[in-house]
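Peer 1: First, the structure itself, so that you have it in front of you.
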Amino acid sequence: MAPQGSQAELEFGGPLGAAALLLLLPATMFHLLLVARSGPARLLGPPPYLPELEELWRPWALLLCLTWLGLQAALYLLPARKVAEGQELKDKSRLRYPINGFQALVLTALLVGLGVSAGLPLSALPEMLLPLAFAATLTAFIFSLLLYLKALVAPASALAPGGNSGNPIYDFFLGRELNPRICSFDFKYFCELRPGLIGWALHLTSVETDWEQTALSHPLCNPQVLINLALLMQEAELRGSPSLAMWLVNGFQLLYVGDALWHEEAVLTTMDIIHDGFGFMLAFGDLAWVPFTYSLQAQFLLYHPEPLGLPLASVICLINAVGYYIFRGANSQKNTFRKNPSDPRVADLETISTATGRRLLVSGWWGMVRHPNYLGDLIMALAWSLPCGVSHLLPYFYLLYFTALLVHREARDEQQCLQKYGLAWHAYCQRVPYRIVPYIY
């Protein structure tokens, strides 16, 4: 094996790639926010203008972000309906995690409902997206720096496999410590599914993957749900009622967020939790990228209304239902098999034995393609964009980005599984030749 920190093991192009992404990710997010409200709404064109610092920096926006994080942290600390154990760590211990994300979503919705009934101007939130995004980005940078400094005094057993290369830029980006905690408060687990997804849906997942891994993409800690709801309310004020397209986008994404929180325990076997350190990549993704870019379709519809008839809306609903059926069916089958291979729902499925003692599913959903949950996720991503029509590429940014993300994640999955299962993984790949899309890829 190459020594730790060697270029062969570094992802994202090593330190130079990490440095570029530190700038490119926030720049892309602000570009999307600016073009979504512009007339042409060109994804590949220049933004309509470059905002001045006075437009981006508003102290109240930072206060609002910190208040939101404080609220979600308080809900995280409430008694949970269940406490689950994570995967075994290097020192053979297991961390414990509260399973109360769905509870936090319901309580947040109740609090927001009470606030709106008391006169909270939620519909004004869309006009505040730029300063809020800037505050979230600033919070992510400062939080990541504190995490990096904390990791400098962490024991070697607490470090992530890939985030301790010795290069400060790369380690800051990827994250040095695997599970940074203060007492029982786990920062990575908290951010993975709470501040971002709840804010998005009220503003998509986390994405579960096969064989103990997942994607950085759908954190629950951001205000995506909140932003979506605010966009819907502002459209109602502008046009008398929300459009059918806006209802579909909000409904689809709320279903996705609710599903992720209801199955919160599944995140404990994902790559984000068991393999990746907690650095800027995940912190920015959870706190800024998810709420402000995954709400792009709703932002687009507010400024570019799209007429949608019932027949086409029914077709789009069917597409989303098919995607959700595949996504939930594949993940539920995998999780049921992990918990109890003798369960009648999975006992008849064909498997391949491995040298680790685990068995790989080669029938059911996991005999169709190697990542059927990714397939379902991509179909849903298409359904989220279709209500915006086909005259602009911008609403399809999420689908394009998510496709690239899942292809990259799939490559990481393949490498991890090959190292872990060896010849058994080769046999699995021969039995299941297609990675995500049957007969295509």
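Placement of Cβ uses the backbone N, Cα and C atoms for every residue, glycine included.
Annotated transmembrane segment per TrEMBL: 12-36, 56-78, 99-122, 128-149, 278-296, 308-327, 378-399, in sequence order.
Let's see these features in context: how buried, what's close, how far.
Peer 2: Sequence-remote contacts of a segment are chain residues at least 6 beyond its ends whose Cβ falls under 8 Å from one of its Cβ atoms, and for the transmembrane segment (12-36) they are 42-43, 45, 47-49, 51, 129-130, 133-134, 137, 167, 169-170, 172-174, 280-281, 284, 288-289, 292-293, 296, 299-300, 303, 394, 397.
Sequence-distant contacts of the transmembrane segment (56-78) (same chain, six or more residues past either end, CB-CB distance under 8 Å): 98, 100, 103-104, 107-108, 111, 128, 130-132, 134-136, 138-139, 185, 190, 194-195, 198-199, 221, 223, 226, 287.
Here the transmembrane segment (128-149) has Cβ contacts under 8 Å with residues 26, 29-30, 33-34, 51, 55-58, 60-62, 64-66, 69, 168, 171-172, 175-177, 180, 187, 222, 227, 278-280, 283-284, 287-288, 291-292, 299 of the same chain, all six or more residues outside its ends.
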